[in-house]
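Positions annotated as repeat 'PPR' by TrEMBL: 194-228, 229-263, 299-333, 369-403, 404-438, 474-508, 579-613, 614-648, 649-683, 684-718, 719-749, 788-822 (among others).
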Amino acid sequence: MVKLLADILHHTAPSTWPSALAAPLLRQRLAPAHVSSLLVHPASLRRPDLSRRFLLLLPSHLVSPVSLSLLALSFLSSSPSSPASSPHAASLLLSLVSSTPSASSSFSSLSHANALATFRPGAATAAITLLASSYLQLRRARDAADVLHLSLSSGIAMKQYTASQILFALIKIRQFALARGLFDEMLQCKFPLDEYVYTAGIRAYCEIRNLDSARGLLARMESKGVKSSAVPYNVLMYGLCRNNRVLEAVEVKNSMVGRGIVADEVTYRTLVYGFCRTEELEMALKMTDDMLSLHFVPSEASCSFMLDGLRKRGHIDKAFRLACHLGELGMVPNLFACNALIDELCKNGRFREAERLFRGMTNRGLEPNEVTYAILIHSLCKRGMMDDALCMFDRMREKGISVTVYPYNSLINAYCQHDDFHQARGLLNEMVEKGLTPSAASYSPLIAGLCRKRDLASAMELHREMARNDVSGNVYTFTALISGFCKDGNMDEAARLFDKMIDSSVVPNEVTFNVMIEGYCHVGNVRKAFQLYDQMVDRGLTPDNYTYRSLISVLCLTLGAMKAKEFIDDLENNCAVLNNFSLTALMHGFCKEGRLTETYHVWDEMRARGVKIDLISFTVIVYAALKLHDREKISVLLREMKEKGVKPDNVFHTCMIDVHSKEENIVQALNCWDKMIADGCSPNVVTYTVLINHLCKSGYLSSAEILCKEMLAGRFLPNSFTYNCFLDYLANEGELEKAKVLHTAMLESCLANTVTFNTLIKGFCKAGQIQGAIDLMQKNAESGFFPDCISYCTIINELCKVGDTNKAFELWNEMLYKGLKPDIVAYNILIRWCNIHGEFGKGLGIYSYMVNLKYEDDTPVNHKGSGRKVIEKLHQIYAAELANKDFAYGDWITLFIECDILLHATLKRQSPRIFTVTCTAAELPGSQCTCFFTGKQLVLRLKTCNNTGILLEGNCWKFR
């Protein structure tokens, strides 16, 4: 059968082969072994190309793996050149790999074929190499490794390059142990190793972190005299750098150079990578400089790390110079590093450098993304360059870059900062139309801006719109709204929003509490302010000097500066650090009370502690020194201001002018005016008005008029306060006709208001023209300026003075009917005159009305255990009267004390100057005291002594 096949193959034309092979006898008896025997025929071995054509006509089941192997070996034997010049052999071995179940089967077939005939030397090696390459081509690295293992066992050598490729393929699929095992086997079998195989072995050892063995392999390669490039050294250095052994990597680099091997770009990139990995930024930069001097370029990752490292350490100049240098070499860091550097440059006000870096990105093929544009738009908005920001925004959209909410938010915020709420609102609507969901940051600037403009209705409408659009308000949104209502004095609405904020699980921060505390302080509600302060501390928030300043100011205003000093002492005992804001507020409180010695003491404490002293602090202390006529202190303070570079401003000079004017030292006030101009400060409306006011009060009307004309000629126009100074002068001097003419002119110029009407009313009352004052009050309402409590109280006081209490009560009732809330002065006026005229019933009725409205305190009065509330009320009601009168011993005074329970009173004289009243009986007539209980008032009428005052001891009240 084999002879028949040989005759057909070698002695007939190829065109007759199909008909010959189709013979029934041949087709029925032909087997794979016959084909294999045909291929080992000497003539077949010499003509593998003919044999291949013949095999293509045979059915596939007749072509066995051995046949494929024989034919491949024949091709390789007939071609002494490299395996690459024999594509037929490679194709046959690829078919062999596909037709056998495992690498061992393929190798066995190839080995068996090699033993069946005598082939040219090297053919088997070439075949084994091609077999392994076939497996690598099919990405079957494990099978290729099996081929390498079997070749080492059989003694058939494989090409070194392919062996190294097998090792690298194993490493690529993370079969590090298998790669190392194969390399060790190659060493044991004395496989001839070249640079590539050593490199693969070193890589395998590095991957399993056996770095010492990797260094040993490199030393072995050097000792064997294997010719090498920088590649194996680079691989070892990379392994060392990955494991943070950078200094050892530097040693490897130095040894390489010592052997005459030139370090390449990869060498330097690897070391830069190592220093970046260990965050040794200075060494990385030094190595980068060495690279750049050799015209090598670092990797993108290293460039990005170094730029970001320099940025984070604040070395913006170095980062920018490095970015420019790298850009000149065509290297651009990654987008994240570029964006971060652009952002940092913008934050530091280096906008030109940021724009240059942005242009460099674009020119070198690194396309900016939405983050890049958002950073630049935000920067332009912060600088107020709205046109440029809009151009950048349009450019972003033209390039098809997806627009997020962030550039919209930046634009909205910027327009709100410029009070252009129409544009801001348009952008917000555009966001919604584009399908973007506005965030709380989109609404917050609009709400804050509207609140700043006191348009609280529009701000609340936006807040409700947020809720309709399922946008939850954040702490900034709520704080802006709360701040708006606090500045408007509407603490009820501010408190409602504060409670809503907490109910919405939005946690208030220090700013929120500071706003609320400041709001309550402005309306004088000390109790609520301190309740919020306690709540703030309980929540773990740290009060700051903005918190303390508000509390100190309200304590100075309501309970006196000494109470504020006690509060400060408590804070300092608890290690709170107070700055110039808080301590200046205390100084101001002492100064307003005329306690100038204490003002000096606080100043000395501030200096002793090293507290930074600003212009406001200097203004307060200089004001105090002026009031004390302490010329030496003033000179020292002014010299200190000059040494510290604290330049006086309009407020400082205006205060100086004010204090000299109040002391009727007009000459010195005018000197301060000249000094103000010499210092380069232009007087403003307030300065002019202060001096005009005091000139008018001192009778220098003509000088005041000259100043007013100077205002008109300059850039400051007189306001209603300025003209009211002249009106007050004319009213006090009784020149009512001139005053009426001036006020009519003010009305026509829209400069009149309720205050100016009150000035005119006071003038009519002083002149005894009470009916004229009443008529003027009615004209006030007709002009659109409604009378206030002061308008009514001025006339009521004058009516009581002339004994017309009936008319006074008519006006009082009219005031209440119009919804005007009397202040404490109004109650004092009416109660005082009722007592003077002996109308105690009316006076008591007024006091009852005041108590029922709880005018003086919103909290319920608790009389059990302590008389503190009663004492506070007595102080409030009678403070002005007791402070402004000298009571002789034996004078009578009537006191009204609010009570919720039936009280009795006993009077005991302790000394000629002290009486003690102990509540024990409802009625106890006595020679020194008359007391009786009516409803909720305990009325005491007793004789007093000089320096009348009130003290509290236990459950007793002492009247000094």
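Keep in mind that glycine also has a Cβ here, set from the backbone N, Cα and C atoms.
Note that the structure is a prediction, hence the values are computed from the model and not measured.
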Counts by DSSP class (helix H/G/I, strand E/B, coil) across the repeat 'PPR' (719-749): 26 helix, 0 strand, 5 coil
Summary of DSSP states over the repeat 'PPR' (579-613), given as helix, strand and coil counts: 27 helix, 0 strand, 8 coil
Cβ contacts under 8 Å made by the repeat 'PPR' (684-718) with residues that lie 6+ beyond its boundaries: 650, 653-654, 657-658, 661-662, 664, 666, 669-670, 673, 676, 725-726, 728-729
Secondary structure tally of the repeat 'PPR' (369-403) (DSSP, helix then strand then coil): 26 helix, 0 strand, 9 coil
Within-chain partners of the repeat 'PPR' (614-648) [C-beta distance under 8 Å, separation at least 6 from its ends]: 580, 583-584, 587-588, 590-591, 594, 596, 599-600, 603, 606, 655-656, 659-660, 663, 676, 679, 681
Mean per-residue pLDDT computed across the repeat 'PPR' (719-749): 87
